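Annotated in TrEMBL:
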- C:12-35: transmembrane segment (TRANSMEM)
- C:47-69: transmembrane segment (TRANSMEM)
- C:100-122: transmembrane segment (TRANSMEM)
- C:148-173: transmembrane segment (TRANSMEM)
- C:185-207: transmembrane segment (TRANSMEM)
- C:227-254: transmembrane segment (TRANSMEM)
Amino acid sequence: MENILECQNLVKFYPKCLALNSVNLTVPKGKIVGLLGPNGSGKSTLIKLANDLIQPTSGKILIAGMEPGIETKKIVSYLPERTYLNDWMTVNDMIGFFSDFYQDFNKGKAYDMLARLGVNPSLRLKTMSKGTKEKVQLILVMSREAQLYLLDEPIGGVDPAARDYILDTIIGNYNPEATVIISTHLIADVEKILDEVIFINQGNIVLVSTVDDIRENENKSVDALFREVFKC
Amino acid sequence: MAWNLKSDRPIYSQLVEQIELLIVSGIYPAGSKLPSVRDLAGEASVNPNTMQRALAQLENDGLLYTQRTSGRFVTEDVERIMQIKNNLAQGLIKEFIENMRNLGYDTKQAIQLLEKTAEEEE
Amino acid sequence: MLRKLLKYEIKATSRIFLPMYALLIVFALLNKFFMAVNSELLRIPRAIAATVFVFIIIGLCVVTLVVTIQRFNKSLLTDEGYLSFTLPVRIHSHIDSKMLVTLMWTILSFLVSMVSIFIMSIDKTTIWSLHRFVNELMRVLNKIGFNGYVLVLESILFVIIGILSVTLEIYAAITVGNMSSKHKLLAGVGAYLGFGVIQQIIMSIIMSTCEKSISQYFDSMIRAGELAQVQLAQTVLFGLIAYMVIMGVVFYFFTEWMLRKKLNLE
């Protein structure tokens, strides 16, 4: 099984709109992939489908050859757009929670990263700023030794220093066997760390390519190409 | 050192150039051990696969070699490093001459100006 | 995995219930102290302590309900749902853990309330009358024999299944309410009332179709004397339990299906 993620004629209808229009897509193992598109293009829908949070209208989505379910949740580490941490818990509690439920959770790694970030793990999450909470959540997600990381807008709405921290954390924890999919519309910031990009617009896959191919063939950055493709 | 990557050229070829520079300028001396791919990628904030590709290219060029157990090293072949260094220098000189020519100086004038400026700097 | 979910569910809820229990016991002791002193000077503090005690008991009931709603809603249907539903856990287990913990706290709240009242009112006369009540109960049970014990067992089962069934009905209502894009709370209340109406209709259909046989059965049983009345109570309880089990199962699978197939977290 070489593909970690595979979509076959994947369609998702919401009551009032078509979020994904017969998407066919394969993402191989061992890549950092950017899922790029403007707001409302279907990025989050695709990621939610991969996490079994919503059900496809028709077609299939497969993770390591399996339909989303308990077995895929064991190998997928997901960073949603929202912060989902329980306010009343301490960071220590959250680490306990993650290592209770996820067998691939690496406690040592989590404590290492927290120490580097200077977060006291016995603090309650309630006392932390939104930015710190987001970083703690990223640390929890990246401390799993998963096969697929799905990061939904990990750098949206954070300051440039935090952005660098997040990207460095992603690179620093990268395991050549695993695939990381990063959904974002802030392309200039992420393109250096991507192998491949997927352009998505209005529920359709517009382009799949490697970053260096785009730069070599088009003589422009992915960001510049994106602006061209999605010009309003 | 800061990694300076431009956005309109392939990342991997820029990485190759910058690591070459690190080697010929002696920051990574002949025979020394290179940091791991992950550390280098982290330092440059680039994808580890891209860094891997750049290092593989440098290995092909004979500037680096891998020892299976202990990692990646700069070649001990000082001549090879000097050769690369000369290539880089020649490239810069060609560019310099080209630019001076565009300003209307011939080679001789350009060299005179170069010597004068260098003296003043000292 | 259910055990781990239970562990965290208890952890999340005990920080609310345990302090309330402690408070209840403290006020029971305080009331006991004021009653023992029985001084004119302490009349006002005594009245206050007694009132607070009653409010804590009422509060306990309200909190039990609110926590039941809140825990289900917050950890499954708000942002926390992103974590809950991506744990490698079946949706069944989420419902199971929340429902069992609600049952646990409801029973514990009842027991602690009883204990606190007991603490407050314990003296020679109350012990004696309690003693007499227990003796009388045992005497009746012994007289009735086996059927009496079945009746007690049925009553306990009735309470437990009743709590679970109501809890599941609340879960189903919250889940339906969550489908509404705006007024989730209002829609939830509406759904709960709607379930009530549906149940009323079902009940009245059952009643009207077998009204005659039921009343005949009641008549014959009541005329047949004490033993038959016990049997009658057993049958009625059994009927109610069966009804609640069916409703509970329906709500359980309905909620599970909605969460699995229809949920779309914002």
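Residue 1 is the first one shown; counting continues down the chain.
Glycine too: its Cβ is placed from the backbone N, Cα and C atoms.
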Selected stretch (most C-beta pairs under 8 A with the transmembrane segment (C:100-122)) from C:12-35, C:148-173, C:185-207, C:227-254: C:12-35
The transmembrane segment (C:227-254) versus listed stretches C:12-35, C:47-69, C:148-173, C:185-207: most Cβ pairs under 8 Å: C:148-173
Sequence-remote partners of the transmembrane segment (C:185-207) [C-beta within less than 8 Å, at least six residues beyond its ends]: 169-170, 172-174, 176-179, 214, 247, 251
Within-chain partners of the transmembrane segment (C:148-173) [C-beta distance under 8 Å, separation at least 6 from its ends]: 68-69, 72, 95, 98-99, 102-103, 106-107, 140-142, 188-189, 191-192, 195, 230, 233-234, 237-238, 240-241, 244-245, 247-248, 251-252, 254-255, 258
